[in-house]
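To start, the structure under review is shown below, and the notes come after it.
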Amino acid sequence: MIEPHAPAPPGAAPPWGGQSRPWLPVRPGVGRFFVLAGVFVCAACGLVYELELVALASYLIGDSVTQASVVLSVMVFAMGIGSLAAKRLRPHAAAGFGAIEAALALVGGSSAMALYAVFAWTGDWGGVWAGGPRCLLVAFSLAIGLLIGAEVPLLMELIQRIRRQDAGGAVADLFAADYVGALVGGLAFPFLLLPLLGQLEGVLLTGTVNALAGGALVLGLFRRDLTRRGRWLLIVVNLVVLGLLATAAVLVDDFERAARQAVYGRDVRVALQTGVQEVVLTGGTRGRPLDLFLDGRLRVSGHDERRYHEALVHPAMSDGRHARVLVLGGGDGLAAREVLRYADVARVDVVELDAGVVRLARRDPALSSLNAHAYDDPRVHVVTADAFCRLRHTRSAYDVVISDLPDPGITASTKLYSQEFYGLVSRVLAPGGRLVVHAGPVASRPRAYWTVEATVRAAGLRTVPYRVGGRDTGFAAGPDRSTDASRAPRDWGFVLASRTGPALSLGPGGPRLRTLTRASLAADALDPGRARPPDVAPSTLVHPRYAD
(Lines of atoms letter the chains of each structure in order from A and count residues from 1; the text may use other names and numbers.)
(Lines give C-alpha, C1' and ligand atoms only; values in the text may rest on other atoms or scores of the structure.)
Protein backbone atom coordinates (compact mmCIF):
# COMPACT_ATOMS: atom_id res chain seq x y z
CA MET A 1 0.00 0.00 0.00
CA ILE A 2 1.11 3.56 -0.65
CA GLU A 3 2.48 5.84 2.03
CA PRO A 4 1.99 9.58 1.36
CA HIS A 5 5.05 11.44 0.15
CA ALA A 6 5.31 15.19 0.25
CA PRO A 7 6.20 16.38 -3.27
CA ALA A 8 8.43 19.31 -4.07
CA PRO A 9 6.81 22.77 -3.68
CA PRO A 10 5.33 24.33 -6.81
CA GLY A 11 7.97 25.93 -8.97
CA ALA A 12 10.85 24.08 -7.32
CA ALA A 13 13.57 22.74 -9.58
CA PRO A 14 13.34 19.06 -10.37
CA PRO A 15 15.78 16.90 -8.42
CA TRP A 16 17.62 15.85 -11.53
CA GLY A 17 19.23 19.27 -11.89
CA GLY A 18 16.60 21.43 -13.53
CA GLN A 19 17.11 19.88 -16.95
CA SER A 20 14.32 19.39 -19.45
CA ARG A 21 12.24 16.27 -19.39
CA PRO A 22 14.51 13.22 -19.87
CA TRP A 23 14.43 11.17 -23.05
CA LEU A 24 11.65 8.56 -23.15
CA PRO A 25 11.04 5.82 -25.72
CA VAL A 26 7.31 6.69 -25.78
CA ARG A 27 5.12 9.78 -25.62
CA PRO A 28 4.71 11.31 -22.13
CA GLY A 29 1.07 10.26 -21.89
CA VAL A 30 1.94 6.64 -22.68
CA GLY A 31 4.88 6.72 -20.29
CA ARG A 32 2.67 8.06 -17.52
CA PHE A 33 0.22 5.24 -18.18
CA PHE A 34 3.01 2.66 -17.87
CA VAL A 35 4.11 4.10 -14.53
CA LEU A 36 0.56 3.98 -13.18
CA ALA A 37 0.23 0.42 -14.49
CA GLY A 38 3.40 -0.43 -12.58
CA VAL A 39 1.89 1.10 -9.44
CA PHE A 40 -1.22 -1.03 -9.99
CA VAL A 41 0.74 -4.29 -10.36
CA CYS A 42 3.09 -3.58 -7.45
CA ALA A 43 0.16 -2.70 -5.17
CA ALA A 44 -1.61 -5.94 -6.08
CA CYS A 45 1.54 -7.94 -5.35
CA GLY A 46 2.12 -6.12 -2.08
CA LEU A 47 -1.34 -6.91 -0.79
CA VAL A 48 -0.97 -10.56 -1.79
CA TYR A 49 2.21 -10.73 0.32
CA GLU A 50 0.31 -9.29 3.30
CA LEU A 51 -2.63 -11.66 2.95
CA GLU A 52 -0.35 -14.64 2.45
CA LEU A 53 1.50 -13.88 5.68
CA VAL A 54 -1.78 -13.51 7.57
CA ALA A 55 -3.22 -16.73 6.14
CA LEU A 56 -0.12 -18.85 6.66
CA ALA A 57 0.50 -17.47 10.14
CA SER A 58 -3.09 -18.21 11.13
CA TYR A 59 -2.64 -21.80 9.99
CA LEU A 60 0.82 -22.36 11.45
CA ILE A 61 0.66 -20.26 14.62
CA GLY A 62 -3.09 -20.00 15.25
CA ASP A 63 -5.41 -17.18 16.38
CA SER A 64 -6.10 -15.38 13.11
CA VAL A 65 -7.10 -12.12 14.84
CA THR A 66 -3.75 -11.83 16.59
CA GLN A 67 -1.74 -12.78 13.52
CA ALA A 68 -3.61 -10.31 11.30
CA SER A 69 -3.05 -7.57 13.86
CA VAL A 70 0.67 -8.32 14.09
CA VAL A 71 1.24 -8.53 10.34
CA LEU A 72 -0.76 -5.45 9.40
CA SER A 73 0.44 -3.19 12.22
CA VAL A 74 4.11 -4.09 11.74
CA MET A 75 3.81 -3.76 7.97
CA VAL A 76 2.11 -0.35 8.06
CA PHE A 77 4.70 0.91 10.55
CA ALA A 78 7.50 -0.37 8.32
CA MET A 79 5.93 1.29 5.27
CA GLY A 80 6.27 4.65 6.95
CA ILE A 81 9.91 3.98 7.79
CA GLY A 82 10.55 2.80 4.23
CA SER A 83 9.00 5.94 2.80
CA LEU A 84 11.30 8.11 4.90
CA ALA A 85 14.36 6.02 4.05
CA ALA A 86 13.66 6.29 0.31
CA LYS A 87 14.30 10.05 0.34
CA ARG A 88 18.00 9.37 -0.15
CA LEU A 89 17.25 7.41 -3.33
CA ARG A 90 15.22 10.12 -5.07
CA PRO A 91 18.15 11.40 -7.19
CA HIS A 92 18.50 7.81 -8.47
CA ALA A 93 14.81 6.96 -8.57
CA ALA A 94 14.90 4.56 -11.51
CA ALA A 95 17.79 2.46 -10.22
CA GLY A 96 16.42 2.53 -6.70
CA PHE A 97 12.95 1.45 -7.77
CA GLY A 98 14.33 -1.41 -9.86
CA ALA A 99 16.46 -2.68 -6.98
CA ILE A 100 13.59 -2.39 -4.48
CA GLU A 101 11.20 -4.33 -6.71
CA ALA A 102 13.74 -7.11 -7.21
CA ALA A 103 14.30 -7.33 -3.46
CA LEU A 104 10.55 -7.23 -2.76
CA ALA A 105 9.90 -9.99 -5.29
CA LEU A 106 12.53 -12.21 -3.68
CA VAL A 107 11.55 -11.52 -0.07
CA GLY A 108 7.80 -11.66 -0.65
CA GLY A 109 7.93 -14.60 -3.04
CA SER A 110 10.04 -16.73 -0.69
CA SER A 111 8.28 -15.73 2.53
CA ALA A 112 5.75 -18.58 2.55
CA MET A 113 8.33 -21.32 1.98
CA ALA A 114 10.70 -19.87 4.57
CA LEU A 115 7.98 -19.53 7.19
CA TYR A 116 6.71 -23.06 6.54
CA ALA A 117 10.25 -24.47 6.64
CA VAL A 118 11.03 -22.91 10.03
CA PHE A 119 7.72 -24.14 11.40
CA ALA A 120 8.13 -27.67 10.03
CA TRP A 121 11.72 -28.32 11.04
CA THR A 122 12.09 -26.30 14.25
CA GLY A 123 8.53 -26.00 15.58
CA ASP A 124 8.81 -28.97 17.92
CA TRP A 125 12.31 -28.26 19.24
CA GLY A 126 10.93 -26.34 22.19
CA GLY A 127 12.68 -23.61 24.12
CA VAL A 128 13.67 -20.53 22.15
CA TRP A 129 13.01 -22.34 18.86
CA ALA A 130 9.31 -22.58 19.64
CA GLY A 131 9.02 -18.86 18.89
CA GLY A 132 10.89 -19.13 15.59
CA PRO A 133 7.83 -18.89 13.31
CA ARG A 134 6.56 -15.83 15.19
CA CYS A 135 9.92 -14.07 14.97
CA LEU A 136 10.21 -14.85 11.27
CA LEU A 137 6.67 -13.60 10.70
CA VAL A 138 7.55 -10.24 12.25
CA ALA A 139 10.81 -10.11 10.27
CA PHE A 140 9.05 -10.71 6.96
CA SER A 141 6.31 -8.21 7.81
CA LEU A 142 8.97 -5.63 8.61
CA ALA A 143 11.05 -6.29 5.49
CA ILE A 144 8.09 -6.34 3.10
CA GLY A 145 6.64 -3.21 4.68
CA LEU A 146 9.95 -1.33 4.35
CA LEU A 147 10.22 -2.21 0.67
CA ILE A 148 6.58 -1.37 -0.11
CA GLY A 149 6.89 1.95 1.70
CA ALA A 150 9.99 2.87 -0.31
CA GLU A 151 8.15 2.46 -3.63
CA VAL A 152 6.02 5.59 -3.61
CA PRO A 153 8.57 8.39 -3.17
CA LEU A 154 10.47 6.86 -6.08
CA LEU A 155 7.35 6.42 -8.20
CA MET A 156 6.43 10.04 -7.51
CA GLU A 157 9.82 11.12 -8.84
CA LEU A 158 9.47 8.93 -11.92
CA ILE A 159 6.01 10.14 -12.84
CA GLN A 160 7.05 13.76 -12.33
CA ARG A 161 10.02 13.25 -14.62
CA ILE A 162 7.69 12.22 -17.39
CA ARG A 163 5.40 15.21 -17.04
CA ARG A 164 5.33 17.76 -14.24
CA GLN A 165 1.93 18.23 -12.67
CA ASP A 166 0.51 19.71 -9.51
CA ALA A 167 1.22 17.77 -6.33
CA GLY A 168 -2.44 16.99 -5.61
CA GLY A 169 -3.02 15.57 -9.06
CA ALA A 170 0.08 13.37 -8.93
CA VAL A 171 -0.81 12.01 -5.51
CA ALA A 172 -4.41 11.37 -6.58
CA ASP A 173 -3.29 9.45 -9.66
CA LEU A 174 -0.82 7.33 -7.70
CA PHE A 175 -3.28 6.58 -4.91
CA ALA A 176 -6.02 5.65 -7.38
CA ALA A 177 -3.76 3.16 -9.16
CA ASP A 178 -2.51 1.83 -5.83
CA TYR A 179 -5.93 1.28 -4.29
CA VAL A 180 -7.38 -0.34 -7.41
CA GLY A 181 -4.34 -2.63 -7.56
CA ALA A 182 -4.81 -3.51 -3.90
CA LEU A 183 -8.44 -4.38 -4.63
CA VAL A 184 -7.42 -6.72 -7.45
CA GLY A 185 -4.70 -8.35 -5.34
CA GLY A 186 -7.03 -8.73 -2.37
CA LEU A 187 -9.65 -10.48 -4.50
CA ALA A 188 -7.18 -12.55 -6.50
CA PHE A 189 -5.63 -14.10 -3.39
CA PRO A 190 -8.68 -15.97 -2.00
CA PHE A 191 -10.56 -16.53 -5.26
CA LEU A 192 -7.76 -17.36 -7.73
CA LEU A 193 -4.35 -17.94 -6.18
CA LEU A 194 -5.35 -20.07 -3.19
CA PRO A 195 -7.84 -22.36 -4.97
CA LEU A 196 -5.75 -22.82 -8.13
CA LEU A 197 -2.18 -22.77 -6.84
CA GLY A 198 -2.17 -22.89 -3.05
CA GLN A 199 -0.20 -20.65 -0.72
CA LEU A 200 3.32 -21.61 -1.74
CA GLU A 201 2.97 -21.56 -5.52
CA GLY A 202 0.61 -18.59 -5.41
CA VAL A 203 3.08 -16.33 -3.66
CA LEU A 204 5.94 -17.56 -5.89
CA LEU A 205 3.92 -16.53 -8.94
CA THR A 206 3.22 -13.18 -7.30
CA GLY A 207 6.93 -12.62 -6.77
CA THR A 208 7.62 -13.45 -10.40
CA VAL A 209 5.02 -10.94 -11.60
CA ASN A 210 6.45 -8.36 -9.21
CA ALA A 211 10.00 -8.79 -10.53
CA LEU A 212 8.90 -8.68 -14.17
CA ALA A 213 6.79 -5.57 -13.66
CA GLY A 214 9.48 -3.64 -11.80
CA GLY A 215 12.28 -4.64 -14.15
CA ALA A 216 10.25 -3.98 -17.29
CA LEU A 217 9.21 -0.52 -16.10
CA VAL A 218 12.75 0.62 -15.31
CA LEU A 219 14.58 -1.06 -18.19
CA GLY A 220 11.92 -0.25 -20.74
CA LEU A 221 11.00 3.31 -19.80
CA PHE A 222 13.88 4.76 -17.79
CA ARG A 223 16.90 2.89 -19.11
CA ARG A 224 18.60 6.18 -20.05
CA ASP A 225 18.59 7.08 -16.34
CA LEU A 226 20.91 4.14 -15.69
CA THR A 227 24.53 3.77 -16.59
CA ARG A 228 25.48 0.89 -18.84
CA ARG A 229 26.85 -0.93 -15.82
CA GLY A 230 23.69 -0.18 -13.86
CA ARG A 231 21.49 -1.61 -16.62
CA TRP A 232 23.44 -4.84 -16.77
CA LEU A 233 23.52 -5.11 -13.00
CA LEU A 234 19.74 -4.70 -12.82
CA ILE A 235 19.27 -7.29 -15.56
CA VAL A 236 21.50 -9.79 -13.74
CA VAL A 237 19.78 -9.17 -10.40
CA ASN A 238 16.34 -9.69 -11.92
CA LEU A 239 17.46 -12.84 -13.73
CA VAL A 240 18.86 -14.22 -10.46
CA VAL A 241 15.61 -13.42 -8.64
CA LEU A 242 13.51 -14.98 -11.39
CA GLY A 243 15.80 -18.01 -11.45
CA LEU A 244 15.49 -18.51 -7.70
CA LEU A 245 11.70 -18.18 -7.82
CA ALA A 246 11.50 -20.57 -10.78
CA THR A 247 13.71 -23.10 -9.00
CA ALA A 248 11.53 -22.86 -5.91
CA ALA A 249 8.43 -23.39 -8.06
CA VAL A 250 9.94 -26.53 -9.60
CA LEU A 251 10.88 -27.91 -6.18
CA VAL A 252 7.77 -26.77 -4.31
CA ASP A 253 6.01 -30.15 -4.43
CA ASP A 254 9.07 -31.97 -3.07
CA PHE A 255 9.52 -29.27 -0.44
CA GLU A 256 5.88 -29.51 0.63
CA ARG A 257 6.08 -33.30 0.95
CA ALA A 258 9.25 -33.09 3.01
CA ALA A 259 7.83 -30.36 5.25
CA ARG A 260 4.59 -32.28 5.69
CA GLN A 261 6.53 -35.37 6.73
CA ALA A 262 8.50 -33.28 9.22
CA VAL A 263 5.22 -32.09 10.74
CA TYR A 264 3.07 -35.21 10.56
CA GLY A 265 5.64 -37.99 10.28
CA ARG A 266 6.43 -40.19 7.31
CA ASP A 267 3.06 -41.91 7.27
CA VAL A 268 1.14 -39.21 5.36
CA ARG A 269 -1.34 -40.94 3.07
CA VAL A 270 -3.74 -38.19 1.98
CA ALA A 271 -3.11 -34.44 1.86
CA LEU A 272 -5.52 -32.08 0.17
CA GLN A 273 -6.76 -28.51 0.27
CA THR A 274 -10.54 -28.54 0.21
CA GLY A 275 -11.14 -24.81 -0.16
CA VAL A 276 -12.13 -24.62 3.50
CA GLN A 277 -9.07 -26.13 5.15
CA GLU A 278 -6.11 -28.44 4.69
CA VAL A 279 -6.98 -32.07 5.36
CA VAL A 280 -4.27 -34.64 6.09
CA LEU A 281 -4.75 -38.36 6.77
CA THR A 282 -1.93 -40.45 8.18
CA GLY A 283 -1.86 -44.18 8.90
CA GLY A 284 -4.91 -46.34 8.55
CA THR A 285 -3.09 -49.14 6.73
CA ARG A 286 -1.06 -52.17 7.79
CA GLY A 287 -2.36 -51.97 11.32
CA ARG A 288 -1.25 -48.39 11.89
CA PRO A 289 -3.85 -46.15 13.58
CA LEU A 290 -5.49 -43.50 11.45
CA ASP A 291 -5.02 -39.82 12.31
CA LEU A 292 -7.03 -37.00 10.75
CA PHE A 293 -5.62 -33.46 10.82
CA LEU A 294 -7.66 -30.39 9.90
CA ASP A 295 -5.58 -27.26 9.28
CA GLY A 296 -2.73 -28.86 11.16
CA ARG A 297 -4.76 -29.74 14.25
CA LEU A 298 -5.21 -33.36 15.26
CA ARG A 299 -8.96 -33.86 14.95
CA VAL A 300 -9.27 -37.67 15.08
CA SER A 301 -6.83 -40.25 16.34
CA GLY A 302 -7.39 -43.95 15.93
CA HIS A 303 -5.68 -44.41 19.29
CA ASP A 304 -8.54 -42.94 21.30
CA GLU A 305 -11.34 -41.65 19.08
CA ARG A 306 -13.70 -44.33 20.41
CA ARG A 307 -13.40 -42.94 23.94
CA TYR A 308 -14.13 -39.41 22.71
CA HIS A 309 -17.12 -40.24 20.52
CA GLU A 310 -18.75 -42.61 22.99
CA ALA A 311 -18.51 -39.93 25.69
CA LEU A 312 -19.83 -37.28 23.31
CA VAL A 313 -22.84 -39.16 21.96
CA HIS A 314 -24.21 -41.73 24.38
CA PRO A 315 -25.02 -39.63 27.48
CA ALA A 316 -27.22 -37.43 25.28
CA MET A 317 -28.83 -40.42 23.55
CA SER A 318 -29.60 -42.34 26.74
CA ASP A 319 -32.18 -40.05 28.36
CA GLY A 320 -35.41 -39.71 26.40
CA ARG A 321 -36.38 -39.81 22.76
CA HIS A 322 -33.76 -39.78 20.03
CA ALA A 323 -35.65 -40.37 16.81
CA ARG A 324 -34.33 -37.18 15.19
CA VAL A 325 -30.70 -36.23 15.74
CA LEU A 326 -28.75 -33.20 14.53
CA VAL A 327 -24.94 -33.40 14.34
CA LEU A 328 -23.19 -30.03 14.01
CA GLY A 329 -19.76 -30.61 12.50
CA GLY A 330 -18.63 -34.20 12.68
CA GLY A 331 -17.93 -34.49 8.97
CA ASP A 332 -15.69 -37.48 9.65
CA GLY A 333 -18.85 -39.53 10.29
CA LEU A 334 -17.70 -40.88 13.64
CA ALA A 335 -20.39 -39.18 15.73
CA ALA A 336 -22.99 -40.39 13.23
CA ARG A 337 -21.59 -43.90 13.62
CA GLU A 338 -22.36 -43.85 17.33
CA VAL A 339 -25.84 -42.36 16.78
CA LEU A 340 -26.72 -45.08 14.27
CA ARG A 341 -26.10 -47.76 16.89
CA TYR A 342 -29.59 -46.96 18.20
CA ALA A 343 -32.11 -48.85 16.09
CA ASP A 344 -34.97 -46.43 16.74
CA VAL A 345 -33.13 -43.45 15.24
CA ALA A 346 -35.22 -42.31 12.27
CA ARG A 347 -33.11 -39.47 10.87
CA VAL A 348 -29.63 -38.01 11.37
CA ASP A 349 -28.86 -34.60 9.86
CA VAL A 350 -25.14 -33.81 9.64
CA VAL A 351 -24.36 -30.12 9.10
CA GLU A 352 -20.76 -29.85 7.90
CA LEU A 353 -19.13 -26.80 6.35
CA ASP A 354 -16.46 -28.74 4.46
CA ALA A 355 -17.87 -31.03 1.79
CA GLY A 356 -14.34 -32.31 1.17
CA VAL A 357 -14.17 -33.90 4.62
CA VAL A 358 -17.50 -35.65 4.07
CA ARG A 359 -16.35 -36.85 0.65
CA LEU A 360 -13.16 -38.22 2.20
CA ALA A 361 -15.16 -39.92 4.98
CA ARG A 362 -17.27 -41.62 2.32
CA ARG A 363 -14.51 -42.71 -0.05
CA ASP A 364 -11.31 -43.26 1.91
CA PRO A 365 -11.19 -46.97 2.79
CA ALA A 366 -9.62 -46.49 6.22
CA LEU A 367 -11.77 -43.56 7.33
CA SER A 368 -15.01 -45.04 5.97
CA SER A 369 -14.19 -48.28 7.73
CA LEU A 370 -13.56 -46.40 10.96
CA ASN A 371 -16.94 -44.66 10.73
CA ALA A 372 -18.63 -47.97 9.86
CA HIS A 373 -19.74 -46.54 6.49
CA ALA A 374 -22.15 -44.21 8.27
CA TYR A 375 -22.79 -42.14 5.16
CA ASP A 376 -24.12 -45.18 3.32
CA ASP A 377 -27.00 -45.40 5.80
CA PRO A 378 -30.18 -43.91 4.25
CA ARG A 379 -31.08 -42.32 7.58
CA VAL A 380 -28.10 -39.97 7.33
CA HIS A 381 -28.58 -36.69 5.46
CA VAL A 382 -25.69 -34.28 4.90
CA VAL A 383 -26.16 -30.52 4.67
CA THR A 384 -23.11 -28.57 3.50
CA ALA A 385 -23.48 -25.29 5.36
CA ASP A 386 -22.22 -23.18 8.21
CA ALA A 387 -23.84 -24.48 11.40
CA PHE A 388 -24.80 -21.00 12.59
CA CYS A 389 -26.52 -20.09 9.32
CA ARG A 390 -28.25 -23.46 9.12
CA LEU A 391 -29.73 -23.07 12.59
CA ARG A 392 -31.00 -19.59 11.74
CA HIS A 393 -33.03 -20.91 8.82
CA THR A 394 -34.16 -24.37 9.88
CA ARG A 395 -37.58 -24.94 11.43
CA SER A 396 -37.06 -28.62 12.17
CA ALA A 397 -37.15 -29.96 15.73
CA TYR A 398 -34.62 -32.45 17.06
CA ASP A 399 -34.57 -34.75 20.04
CA VAL A 400 -30.78 -34.62 20.31
CA VAL A 401 -28.31 -32.01 19.07
CA ILE A 402 -24.62 -33.00 19.08
CA SER A 403 -22.08 -30.19 18.72
CA ASP A 404 -18.93 -31.89 17.44
CA LEU A 405 -16.98 -28.78 16.50
CA PRO A 406 -13.34 -27.67 16.77
CA ASP A 407 -12.10 -26.45 20.14
CA PRO A 408 -13.54 -23.07 21.23
CA GLY A 409 -10.13 -21.42 21.32
CA ILE A 410 -9.86 -21.51 17.52
CA THR A 411 -10.89 -18.09 16.23
CA ALA A 412 -12.88 -19.38 13.27
CA SER A 413 -15.11 -21.46 15.56
CA THR A 414 -15.71 -18.80 18.22
CA LYS A 415 -19.18 -17.87 16.95
CA LEU A 416 -20.18 -21.54 17.23
CA TYR A 417 -19.59 -21.30 20.98
CA SER A 418 -21.50 -18.06 21.51
CA GLN A 419 -24.64 -17.35 23.49
CA GLU A 420 -26.42 -16.49 20.25
CA PHE A 421 -25.49 -19.86 18.77
CA TYR A 422 -26.81 -21.82 21.74
CA GLY A 423 -29.94 -19.71 21.64
CA LEU A 424 -30.51 -20.97 18.10
CA VAL A 425 -29.84 -24.54 19.24
CA SER A 426 -32.40 -24.16 22.03
CA ARG A 427 -34.96 -23.06 19.47
CA VAL A 428 -34.65 -26.32 17.48
CA LEU A 429 -34.76 -28.63 20.52
CA ALA A 430 -37.94 -30.66 20.70
CA PRO A 431 -39.73 -30.93 24.07
CA GLY A 432 -37.41 -32.97 26.27
CA GLY A 433 -34.57 -32.53 23.77
CA ARG A 434 -30.91 -32.59 24.81
CA LEU A 435 -27.82 -30.78 23.64
CA VAL A 436 -24.28 -32.05 24.12
CA VAL A 437 -21.28 -29.84 23.40
CA HIS A 438 -17.64 -30.73 22.96
CA ALA A 439 -16.14 -27.94 25.06
CA GLY A 440 -12.40 -28.58 24.86
CA PRO A 441 -9.98 -29.99 27.43
CA VAL A 442 -10.74 -29.27 31.08
CA ALA A 443 -7.36 -29.77 32.71
CA SER A 444 -5.27 -27.69 30.31
CA ARG A 445 -7.85 -25.01 29.41
CA PRO A 446 -10.26 -24.83 32.35
CA ARG A 447 -11.35 -21.25 31.78
CA ALA A 448 -12.33 -21.88 28.16
CA TYR A 449 -14.25 -24.99 29.21
CA TRP A 450 -16.21 -23.22 31.94
CA THR A 451 -16.87 -20.31 29.59
CA VAL A 452 -18.62 -22.75 27.26
CA GLU A 453 -20.67 -24.06 30.18
CA ALA A 454 -21.59 -20.53 31.28
CA THR A 455 -22.53 -19.62 27.72
CA VAL A 456 -24.87 -22.60 27.38
CA ARG A 457 -26.53 -21.62 30.68
CA ALA A 458 -26.89 -18.04 29.48
CA ALA A 459 -28.91 -19.34 26.53
CA GLY A 460 -31.55 -20.63 28.95
CA LEU A 461 -30.48 -24.27 29.25
CA ARG A 462 -29.63 -26.22 32.38
CA THR A 463 -26.27 -27.92 32.22
CA VAL A 464 -24.44 -30.98 33.49
CA PRO A 465 -20.67 -30.67 32.90
CA TYR A 466 -18.50 -33.78 32.63
CA ARG A 467 -15.15 -34.87 31.36
CA VAL A 468 -13.53 -38.08 30.14
CA GLY A 469 -9.87 -38.80 30.81
CA GLY A 470 -7.51 -41.27 29.25
CA ARG A 471 -6.69 -39.18 26.20
CA ASP A 472 -3.65 -40.82 24.62
CA THR A 473 -2.82 -38.22 22.00
CA GLY A 474 -2.08 -34.59 22.64
CA PHE A 475 -1.39 -31.89 20.10
CA ALA A 476 0.79 -33.22 17.30
CA ALA A 477 0.84 -30.57 14.60
CA GLY A 478 -0.35 -27.19 13.45
CA PRO A 479 -0.52 -24.21 15.80
CA ASP A 480 -0.68 -26.54 18.76
CA ARG A 481 2.87 -27.79 18.24
CA SER A 482 4.15 -24.67 19.98
CA THR A 483 1.94 -25.28 22.98
CA ASP A 484 3.84 -26.00 26.17
CA ALA A 485 4.04 -29.76 26.58
CA SER A 486 2.91 -29.45 30.18
CA ARG A 487 -0.43 -28.14 28.91
CA ALA A 488 -0.99 -30.80 26.26
CA PRO A 489 -4.59 -31.99 26.70
CA ARG A 490 -5.12 -35.34 28.37
CA ASP A 491 -8.89 -35.21 28.66
CA TRP A 492 -12.02 -34.08 26.84
CA GLY A 493 -14.63 -31.83 28.36
CA PHE A 494 -18.34 -31.95 27.51
CA VAL A 495 -21.47 -30.09 28.51
CA LEU A 496 -24.82 -31.88 28.50
CA ALA A 497 -27.83 -29.54 28.56
CA SER A 498 -31.60 -29.37 28.26
CA ARG A 499 -34.40 -27.02 29.24
CA THR A 500 -35.29 -28.98 32.37
CA GLY A 501 -31.93 -30.41 33.38
CA PRO A 502 -30.68 -33.70 31.90
CA ALA A 503 -29.58 -36.79 33.76
CA LEU A 504 -25.99 -37.85 33.19
CA SER A 505 -26.40 -41.58 32.70
CA LEU A 506 -26.34 -44.47 30.27
CA GLY A 507 -29.70 -46.08 29.56
CA PRO A 508 -30.19 -49.79 30.22
CA GLY A 509 -31.25 -50.53 26.65
CA GLY A 510 -28.37 -48.81 24.90
CA PRO A 511 -25.68 -50.42 22.78
CA ARG A 512 -22.69 -52.14 24.29
CA LEU A 513 -19.86 -49.61 24.66
CA ARG A 514 -16.15 -50.31 24.59
CA THR A 515 -14.77 -47.54 26.79
CA LEU A 516 -17.63 -45.88 28.70
CA THR A 517 -19.46 -47.36 31.68
CA ARG A 518 -22.06 -46.02 34.08
CA ALA A 519 -19.52 -46.00 36.88
CA SER A 520 -16.84 -44.16 34.89
CA LEU A 521 -19.38 -41.63 33.61
CA ALA A 522 -20.63 -40.91 37.14
CA ALA A 523 -17.06 -40.52 38.35
CA ASP A 524 -16.29 -38.07 35.53
CA ALA A 525 -19.13 -35.68 36.36
CA LEU A 526 -17.86 -32.25 37.38
CA ASP A 527 -19.16 -30.34 40.38
CA PRO A 528 -19.75 -26.77 39.18
CA GLY A 529 -19.81 -25.43 42.71
CA ARG A 530 -16.26 -26.58 43.33
CA ALA A 531 -14.66 -26.55 39.88
CA ARG A 532 -16.19 -23.51 38.17
CA PRO A 533 -14.10 -20.31 38.42
CA PRO A 534 -16.01 -17.55 40.19
CA ASP A 535 -15.91 -14.82 37.53
CA VAL A 536 -16.68 -16.66 34.28
CA ALA A 537 -18.92 -14.71 31.90
CA PRO A 538 -20.70 -16.05 28.81
CA SER A 539 -19.21 -15.51 25.37
CA THR A 540 -21.16 -13.55 22.76
CA LEU A 541 -20.63 -12.68 19.12
CA VAL A 542 -19.46 -9.17 19.92
CA HIS A 543 -17.49 -10.14 23.02
CA PRO A 544 -15.80 -13.53 22.56
CA ARG A 545 -14.10 -14.76 25.72
CA TYR A 546 -12.15 -17.84 24.72
CA ALA A 547 -8.62 -16.45 24.49
CA ASP A 548 -6.41 -18.02 27.14
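Here, residue 1 is simply the first one shown, and the rest follow in order.
Cβ atoms are placed via backbone N, Cα and C, with glycine included.
Among the ranges 499-523, 524-548, the one that Swiss-Prot lists as region 'Disordered' is 524-548.
Averaged across the region 'Spermidine synthase' (230-488), pLDDT for the predicted model comes to 89. In this record, S-methyl-5'-thioadenosine is bound by GLN277, GLU352, ASP386, ALA387; the longest C-alpha to C-alpha distance in that set is 16 Å. The closest partner of HIS309 (spermidine binding site) among the binding-site residues, by CA position, is GLU352; the full candidate set was GLN277, GLU352, ASP386, ALA387. In the three-state DSSP reading, HIS309 (spermidine binding site) counts as helix. Its Cβ taken as reference, HIS309 (spermidine binding site) is surrounded by 26 other Cβ atoms within 10 Å in the chains shown.
Spacing of GLN277 (S-methyl-5'-thioadenosine binding site) relative to ASP404 (active site, proton acceptor) is 17 Å (Cα to Cα, whole number). Sequence-remote contacts of a segment are chain residues at least 6 beyond its ends whose Cβ falls under 8 Å from one of its Cβ atoms, and for the transmembrane segment (33-53) they are 1-2, 26, 71-72, 75, 101, 104-105, 108, 111-112, 115, 137, 140-141, 144, 148, 151, 155, 158-159, 162, 173-174, 177-182, 184-186, 188-190, 193, 199, 202-203, 206-207, 209-210, 213-214, 217, 220-221.
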